[in-house]
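Quick notes on the structure that follows.
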Amino acid sequence: MEENKLRQEWDASDRGVASRPSRGLQWMLRVKQVLQPICVLVLILTTGHTFYNNHFGHPSNSPSKYVPQCPAQEVIAPKAHPSITERNVQRLFKSSEFKELSIERLSGAVKIPTEDFDDMGPVTEDKRWDVFFDLAQYFRDTFPLLHEKLELEIVNVHGLLYTWRGSNSSLQPILLTGHQDVVPIAEDTKSQWRNPPFSGYFDGTYINGRGSHDCKNNLLAMFSAVTALLEAGFQPQRTVVLGFGFDEESPQGYGALEIAKHLENVWGQDSFAIIVDEGVIGINKMYGRSFAIPQASEKGYMDLLVRVHVPGGHSSMAPPHTSIGILSEVVTVLENEARTNFPSRFTSNNPFYYQLHCAAEDPQTDISAPLRKAIKKSNGSKEVVDLLSHDFASDVYLRTSQAVTIFKSGSKANALPQFAEALVNYRISNEETLLDVRSVLIDSVKPVAEKHNLEFVTRDEKDNATTYLPEWTLSLSWWRSLEPSPVSTHKSNSWRYFSGVIKHVFDEPGDRNDVVVTPTMAQGNTDTKYFWNLSTQIYRFGPLRAWHDKGWGGLHDVNERISWESHMESILFYHEFIRVFDEADL
């Protein structure tokens, strides 16, 4: 009865009927007046939050079905010319004669000391480049059939560009690259080498010497693979190009840069179906499985030169802070703020994202349950970052790295140093640009200049330690700046054939011995930085198994070496790569 009475009074009030409402109705009307705007506000906020999440990439907290991110795993072997498979793959490459010949070829190349120093001048002026003539002649003498059948162009004196013309000019060519130069041998390390660094000595397991691994292995493997195909009568449909620069280990830009310019003039932009250059060791034991990790992108690069100039004088009249003290404060600020300036991020812009997803999706991997769960969550990015924060080897893939590598100042115990300088190296993640990095560095360092009443300036890379810098100045100069490279997709046909031939060559029988192929991020830079205009499909890959050697084969270190097994695998990989891409539907 009471409920019906209230409803009648409510209806009457809504119709504007004049009557005196009861106390119950008065209370309900007041509640209605309060709740109506609150309900409208909640509806607006909820709708807006959903729209924002859906349209600006912020996942909702509601659970959603996981969508696999790991690329498909497919074995792709050559189908045409089974006689070549029988002749080369099954017989020649497994023979002791070919093994000995291949070791001898690589050893001979290592004996030629093609060192590349940072201060080398133009190739026509600096005589230190002349040793590359010897290497080019060695290639001619060692691979006469290849030099008879392929076109050789010399680019900027020492660049080697080989073209193996295909029978079908409508097919996009492929480009395999590497570099002839090697890291110099530091005088104070020569005594640490077990064998002379340019001996090319084979000890029964390893070919020893500078360049045996980085990257004369690749060059000799390509030459040997092409020669074996020529000897078997193989004629490609798709043109194969081999390009070898000579200054990858230094910043000159005389080698691969000129080759890239020449190729663009001849073939045009986006003209190559795929480009494969050197990369880190390609096949590794990771997460309890065998993983192949072609690098689909490279981090950007920048050197920051920090300089301080204040008045000098006798140390007995020292101010509170010398140039060294001020510069030390800058370095301290940069290191203390590095994790704030360059936070770790787990996003699909980074190829390492897919490496982790492959590890999470494969039930045979041994990653931790919390990490596997976080990777698969639609809103688990922060959890992944937190879980990897104590794993330096993984965390560095998620952020821009910073390293203070050079610090110079002072010449005498009782003299105040006028100048102090430091060099800070940055490897820039895909989520940031050069402008982003420079902006946060300015924000970090400028307060130090203001604190010490110094003029604060920024300069481009033309500035160096000899450039005039006024007294009472703190300067930042950007050196050798390079944006992060474009990311080559793993959703293309080129990736499908590339990953397929990797599995064809490197899969092994047995549990967990097949290879999971996933893109990842390169921490360092290769000559591919010059080839961005030539293809959207650029990958860096070392075609060998890590477990054939303990460690990294002495790369950029003493006792560089490569196992004969790794070298033979590299030959097989390039041999099959050329054949598979010759049949590829691209």
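From the backbone N, Cα and C atoms, a Cβ is placed for every residue, glycine too.
Predicted automatically and left uncurated, TrEMBL annotations should be read as such.
Lifted from TrEMBL, the feature list:
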| type | residues | note |
| --- | --- | --- |
| BINDING | H179, D214, D277 | Zn(2+) 2 binding site |
| ACT_SITE | D181 | active site |
| BINDING | D214, E249, H556 | Zn(2+) 1 binding site |
| ACT_SITE | E248 | active site, proton acceptor |
| DOMAIN | 297-451 | domain 'Peptidase M20 dimerisation' |
**Request:** Just jot down the residues in the same chain as D277 (Zn(2+) 2 binding site), at least 6 apart in sequence, with C-beta under 8 A of its C-beta; none if empty.
**Result:** L176, T177, G178, T526, D527, T528, F531, I538, Y539, R540, F541
**Request:** For the recorded positions D181, D214, E248, E249, work out the Cβ neighbour count at 10 Å and name the residue with the minimum.
**Result:** E249
**Message:** Using the CB centroid of H179, D214, D277 as the Zn(2+) 2 site centre, which other residues of the same chain sit with their CB within 8 A?
**Reply:** T177, G178, C215, N218, E248, E278, T526, D527
**Asked** Using a 10 Å radius around each Cβ and counting other Cβ atoms from all shown chains, which of the binding-site residues H179, H556 yields the largest count?
**Response** H179
**Asked** How many whole Å apart are the CA atoms of E249 (Zn(2+) 1 binding site) and D214 (Zn(2+) 2 binding site)?
**Response** 10
**Request:** May I have the list of same-chain residues other than D214, E249, H556 whose Cβ is within 8 Å of the Cβ centroid of the recorded Zn(2+) 1 site, in sequence order?
**Result:** V182, V183, C215, E248, L555
**Asked** If you average the pLDDT over the domain 'Peptidase M20 dimerisation' (297-451), what number do you get?
**Response** 97
**Prompt:** Restricting the comparison to the recorded positions H179, D181, D214, E248, which residue's C-alpha is spatially nearest the C-alpha of H556 (Zn(2+) 1 binding site)?
**Reply:** D214
